[in-house]
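S.K.: Before I ask anything, let me first share the structure, which is written out below as structure tokens.
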Amino acid sequence: MTDLNKVVKELEALGIYDVKEVVYNPSYEQLFEEETKPGLEGFEKGTLTTTGAVAVDTGIFTGRSPKDKYIVLDEKTKDTVWWTSETAKNDNKPMNQATWQSLKDLVTNQLSRKRLFVVDGFCGASEHDRIAVRIVTEVAWQAHFVKNMFIRPTEEQLKNFEPDFVVMNGSKVTNPNWKEQGLNSENFVAFNLTERIQLIGGTWYGGEMKKGMSSMMNYFLPLKGVGAMHCSANVGKDGDVAIFFGLSGTGKTTLSTDPKRELIGDDEHGWDDVGIFNFEGGCYAKTIHLSEENEPDIYRAIRRDALLENVVVRSDGSVDFDDGSKTENTRVSYPIYHIDNIVKPVSRAGHATKVIFLTADAFGVLPPVSKLTPEQTKYYFLSGFTAKLAGTERGITEPTPTFSACFGAAFLTLHPTQYAEVLVKRMQAAGAEAYLVNTGWNGTGKRISIKDTRGIIDAILDGSIEKAEMGELPIFNLAIPKALPGVDSAILDPRDTYADKAQWQSKAEDLAGRFVKNFVKYATNEEGKALIAAGPKA
């Protein structure tokens, strides 16, 4: 049994006093009773749905609140954190010690004299490189969320649990002094890397706790040479590991969910001396327009112990997954074992030998697959490119480019080149190859078919792409295969999909110019400058 007196003393050391009761690492059964009990109001209230899962609302915060994210500027962080600047705007805004202390006082005062849920878990399935994290909240469903998302310790591990990091969730409290303190609003998500504490105030969005801890892993791991990556990962029957990077809408979840391979995880991973490991003990999947036919694994995972966020629940308790009236960002969290085809008992495997960067190029320029050199790997990893089609008033669809460093700029705490250095070092040690896979459009005006994309992924995973004769795509200087089994050869060189190759040329020059302009911000250090030659020639 865990010594609750010890837990209470540790809460007092944080500034949380006179706690009425500590509900420590509650079971799923307990959490179900707590979050559906009569008398709960507002955003604390859970609604039982016909799926068996409980649904909750998070109010106006239906996504993360990056404008309210701050990190304390101190001796430890001043020269390590990738601070926001005029040339490279990001979400790492500095906060002084006095403001931090006032926010900490607000949250600890809110949590004092209450009945609290304390959940201890691990972030990271590597015994050597995990963070022991403690989450303190007065809201039952928030305890449920973190029980789903973090790795659940054994009884034995809980006996002597010493938290490395504490998340204090005070979503009911806001900051009245935000204007004088020069903050963005009364809501806050603040980190102190020296005290190893995250404070949450004002926002009820569950993802702040999950993404907060992945931002912390993104700080601590690369500083000791361990990769920290926003990617999905799976492993084949022979133990061969593949990792998939990609922004939203590129097919990261779909392509890594493969009946022939076991899933390691769908979102956040580390790469240490043993291999690839999941940061999480659960999945946080989007549910808008979810159907059993299109995504059977996720659909079946929504059952008892899963937690739905911001979905529309009909009067009979059924869920309308097509209704995005509260938000398009409807979500479900569930423990990873709700998915059948996963790595057991621990979400980790050996070193990755295939690294896949997914992009959905709406400009119709990039090839469906290209093999990257180590320098190109760093360049395209730092660029983190994808593009969406957005309609304009006149009905013309204009591509909108997105460049997100390391395919996850919002969660990077260090300079992006540090993640690229660690990734390529790990790849070289493992003899891994990198590929850029375009799941977007080509000169036909149509999206590359899922059948062809799956054929490309299969050719990468089974090694047949290594035997293919290669050509080179000009401007981007990318190596492209001339033929692959099960893939339409007519699409492999994007120039061949245009009736007039000059059209590809002008689009390619335009896109190359965008890459070059975006990369200027990385040329502020020597590593970044050295990579310019690996990019396209505008």
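Along the chain as shown, residues are numbered 1 onward.
Every residue, even glycine, has its Cβ placed from backbone N, Cα and C.
Just lifted these from Swiss-Prot, have a look:
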| type | residues | note |
| --- | --- | --- |
| BINDING | ARG64, TYR205, LYS211, ARG331 | substrate binding site |
| BINDING | LYS211, HIS230, ASP267 | Mn(2+) binding site |
| BINDING | LYS211, HIS230, 246-254, GLU295, ARG331, 447-448, THR453 | ATP binding site |
S.K.: Let me check the 10 A CB neighbour count of HIS230 (Mn(2+) binding site). How many other CB atoms are there?
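M.R.: The answer is 25 other Cβ atoms.
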S.K.: Give the helix, strand or coil assignment DSSP yields for TYR205 (substrate binding site).
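M.R.: In the DSSP reduction, TYR205 (substrate binding site) maps to coil.
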S.K.: Given the binding-site residues LYS211, THR250, THR254, ARG331, ILE448, state which is nearest to HIS230 (Mn(2+) binding site) when distance is taken between Cα atoms.
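M.R.: Nearest listed residue in space: LYS211.
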S.K.: Mind giving me a neighbour count for LYS211 (substrate binding site)? Other Cβ atoms within 10 Å of its Cβ, every protein chain shown.
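M.R.: For LYS211 (substrate binding site), the count of other Cβ atoms within 10 Å is 24.
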S.K.: Looking only at THR250, THR254, which of these binding-site residues has the biggest number of Cβ atoms within 10 Å around its Cβ?
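M.R.: Compared across THR250, THR254, the most Cβ atoms within 10 Å surround THR250.
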S.K.: Just checking a number: largest C-alpha distance across ARG64, TYR205, LYS211, ARG331 for the substrate site, rounded to a whole Å.
M.R.: 14
S.K.: For the recorded substrate site, whose residues are ARG64, TYR205, LYS211, ARG331, find every other residue on that chain with a C-beta no more than 8 angstroms from the centre of their C-beta atoms, and list them by sequence position.
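M.R.: Apart from the listed residues, the neighbours are GLY63, GLY206, GLY207, GLU208, LYS210, TYR284, ASN329.
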S.K.: Using an 8 Å cut-off from the Cβ centroid of LYS211, HIS230, ASP267, can you name the remaining same-chain residues around the Mn(2+) site, in sequence order?
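M.R.: The answer, listed by sequence position, is LYS210, SER214, GLU268, GLY408, PHE411.
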S.K.: Where the distance is taken from Cα to Cα, which of the binding-site residues GLY246, LYS252, ASP267, ILE448 turns out closest to LYS211 (substrate binding site)?
M.R.: ASP267
S.K.: Given ASP267 (Mn(2+) binding site) and ARG64 (substrate binding site), what distance in Å do their CA atoms have, once rounded to a whole number?
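M.R.: One finds 16 Å between the Cα atoms of these residues.
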S.K.: For ILE448 (ATP binding site), what is the secondary structure by DSSP, using just helix, strand and coil?
M.R.: coil
S.K.: Between the Cα atoms of ARG64 (substrate binding site) and SER248 (ATP binding site), what distance do you get, rounded to the nearest Å?
M.R.: 15
S.K.: Check LYS252 (ATP binding site) against DSSP and tell me helix, strand or coil, would you?
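M.R.: Looking at the DSSP assignment, LYS252 (ATP binding site) belongs to a helix.
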